[in-house]
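Copied over from Swiss-Prot, here are the features:
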{"type": "REGION", "residues": "62-73", "note": "region 'Interaction with the inner capsid protein VP2'"}
{"type": "BINDING", "residues": "His153", "note": "Zn(2+) binding site"}
{"type": "BINDING", "residues": "Asn266, Asp286", "note": "Ca(2+) binding site"}
Amino acid sequence: MDVLYSLAKTLKDARARIVEGTLYTNVADIVQQVNQVINSINGSTFQTGGIGNLPVRNWTFDFGTLGTTLLNLDANYVENARTTIDHFIDFVDSVCVDEIVRESQRNGIAPQSDSLRQLSNAKYKRINYDNESEYIENWNLQNRRQRTGYLLHKPNILPYNNSFTLTRSQPAHDNVCGTIWLNNGSEIEIAGFDSECALNAPGNIQEFEHVVPMRRVLNNATVSLLPYAPRWMQRAVIPTADGLNTWLFNPIILRPNNVQVEFLLNGQVITNYQARYGTLAARNFDSIRISFQLVRPPNMTPGVAALFPQAAPFPNHATVGLTLKIESASCESVLSDANEPYLSIVTGLRQEYAIPVGPVFPAGMNWTELLNNYSASREDNLQRIFTAASIRSMIIK
């Protein structure tokens with residue numbers, strides 16, 4: 001993988017810098033690197049593809065090195081150089097694709113395609129290494145079973161989960177109390193509701209709690225917490241728990257009280273915030289517990305009192321909500337996030353070439369299903385194919 005990254009980095013720089021009219025002395029360093037690549041790979045043969053609808057391609061290399069000149073690069077020099085560079089770029093792209101579409105239950109961090117295994121040969125170690133990529137650094141660490149670390153922006157760590165629970169219900173759902181939530185990616189949106197507006201709750205206070213486990217530990221997270229849940233602040237028709245009927249959710253918004261957010265690691269509270277909104281920081285955690293209250297207003301104008309009657313029927317739901325977003329964090333495991341398109345690249349290629357479902361990844365690279373069973377095998381394979389996707393993204397931009 002190191003060699004593949006160094007190849008891609010060298011070829012990307014060469015394509016950008018070797019242009020007509022450039023003074024040779026300004027590009028002599030990258031020309032020498034390209035010549036090092038040519039001398040290392042000339043005489044080699046590779047084969048890529050042969051899985052799903054990915055066609056088999058045979059690669060041979062017999063190129064002359066790029067020359068030197070005391071003058072500016074002319075059109076002929078650039079054209080000859082581009083022919084060589086484009087062939088190597090096409091080869092690197094094919095190796096990346098071949099690697100992305102393969103998986104293995106055992107040692108999934110190691111190269112799975114014959115072409116990438118071949119590039120691990122000592123013969124190619126002469127190629128200039130450039131390991132500045134976060135993915136390459138972490139791939140090397142994971143390959144040696146050492147601790148890795150990824151900086152993530154809006155990490156997709158929460159599997160999709162959209163549901164509700166009722167702590168009080170009637171067959172007609174005309175007097176209900178409970179919570180409704182949507183967890184997905186890096187965001188939790190939770191609302192507590194009560195048809196009676198805490199009329200019969202102790203002290204006219206209704207308690208709510210929402211616990212969200214995660215499949216991996218996050219470190220040094222920046223989190224935002226806001227006292228509203230916009231997705232649950234509008235009327236909605238909601239299926240009953242048995243799916244045989246529907247009921248009308250008709251929220252009237254109140255501000256939540258006594259809000260508490262706890263970040264836990266292995267069941268122990270690491271960071272705790274009370275009645276604090278805006279930007280929060282959490283050191284390390286693998287689950288989040290959110291608790292809050294709905295308090296019946298002690299004083300109401302006639303218009304408000306009409307919304308929350310003292311007896312049935314109860315046409316509305318007093319509702320309090322919260323939105324928690326994980327803005328950034330570090331994680332030892334590879335995840336998709338808002339900054340990088342690698343999940344899309346991987347999924348698109350596997351669909352394009354009709355790659356059969358293998359022993360590791362779910363059909364269609366379903367991210368929710370993948371997270372719900374984020375095994376060590378999946379993590380190894382995901383780190384490898386995301387690394388290949390990061391290399392491919394350099395040369396196809």
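Counting begins at 1 with the first residue displayed.
Placed from the backbone N, Cα and C atoms, the Cβ positions cover glycine too.
Everything Swiss-Prot records as a feature, shown here on the structure.
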{"residue": "His153", "record": "Zn(2+) binding site", "DSSP class": "strand"}
{"residue": "Asn266", "record": "Ca(2+) binding site", "DSSP class": "coil"}
{"residue": "Asp286", "record": "Ca(2+) binding site", "DSSP class": "strand"}
Separation of alpha carbons, the residue listed as 'Zn(2+) binding site' and Asp286 (Ca(2+) binding site) (Å): 17
Close in space, distant in sequence - His153 (Zn(2+) binding site), Cβ under 8 Å, 6 or more apart: Glu327, Ser328, Asp337, Ala338, Asn339
Proximal but sequence-remote residues of the same chain as Asn266 (Ca(2+) binding site) (Cβ under 8 Å, at least 6 apart): Asp286
PLDDT averaged over the residues of the region 'Interaction with the inner capsid protein VP2' (62-73): 90
Other CB atoms within 10 A, centred on Asp286 (Ca(2+) binding site): 17
